[in-house]
Ligand code: MRU
């Protein structure tokens, strides 16, 4: 039985995430009982992936308000005016927004909740409970909407690639694609973006093999994508980040398919570090380069990639690899360790978490609304049809 891993589980008022720092060796769920827990989980990358962090931030906010409504007596900000409620929750939303800077899904979720707050205050005629309930409903829909739209974008993108390959006179069966990082159910509320695209090709029997990079230094590929592809029984091959050029030289790869953390108005796309390298190599080998992401990842306020804030992770994270001690001992739980691969206290470590792929290297941008391509001779996208 094929079973996708869940990044977030909710039941009643309980909120849990799978601790991605322990994957793939241990599947351990961690309770999220406060907005501080959610902030810490996002910042420390116990949960990661643009849509998943937006979902967790929103759900922890919903949990916070739900608990407050159930409290007896209720906290002061729920017994007074809607302006008091607003003054109390706006800083909480800003706090959650600060947890990680590059993925705009989180910022969009926070913007959406601030908008709901404003509208609900205007509509509620002073009823604080009504405002709190409107916020809870909106926060839950941030997470709930994710799975459906992932399936839509995966189908749009998959069909587009099959047609493209056929139009070039090749068979649309057995497509080989390379992906970077982890974009599956662990990075989203379910199904995934680029990994959803791969899953769609697999489900419709049009996938040859899914190749994926290890994605150093955090190894989202070898730790997380490997696990997801294995649990989905999708034929796959891992490649080290340094092997992408060799892969393109020696194997027929039909497309590189990646997710995104933020897409600027012109189509420049921030995604996991190493994505730009893959795009340059794909262009050299005339391989389609496809970005698959929800509308919530498009930031129309930013004209191009130079305006995208890039998170730099602590230098130490690039000096360590996290894994289980090998060889495994029969019958014993894997011992998880962090191994230092550099001399201690190494000075001078460059560790950006993301890079920006210029639009001119991207063949198609796919959202739940459809597929955008660049007009012949143009170096940027008109994304109006897909946002
Ligand atoms: O640092 P991470 O692991 O949060 O980075 C994740 C990525 O770059 C993903 O490719 C991106 O968020 C798209 S996820 C559907």
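Here, residue 1 is simply the first one shown, and the rest follow in order.
Every residue, even glycine, has its Cβ placed from backbone N, Cα and C.
Keep in mind that TrEMBL annotations are predicted by a computer and have not been checked by a curator.
For residue 181 (site 'Transition state stabilizer'), the number of other Cβ atoms no farther than 10 Å from its own Cβ, over all displayed protein chains, is 29. What TrEMBL lists as site 'Transition state stabilizer' is 181.
Taken from TrEMBL, the feature active site, proton donor covers 261. Of all Cβ atoms in the shown protein chains, 30 besides its own fall within 10 Å of the Cβ of residue 261 (active site, proton donor).
Residue 181 (site 'Transition state stabilizer') and residue 261 (active site, proton donor) are 11 Å apart (CA-CA, integer value).
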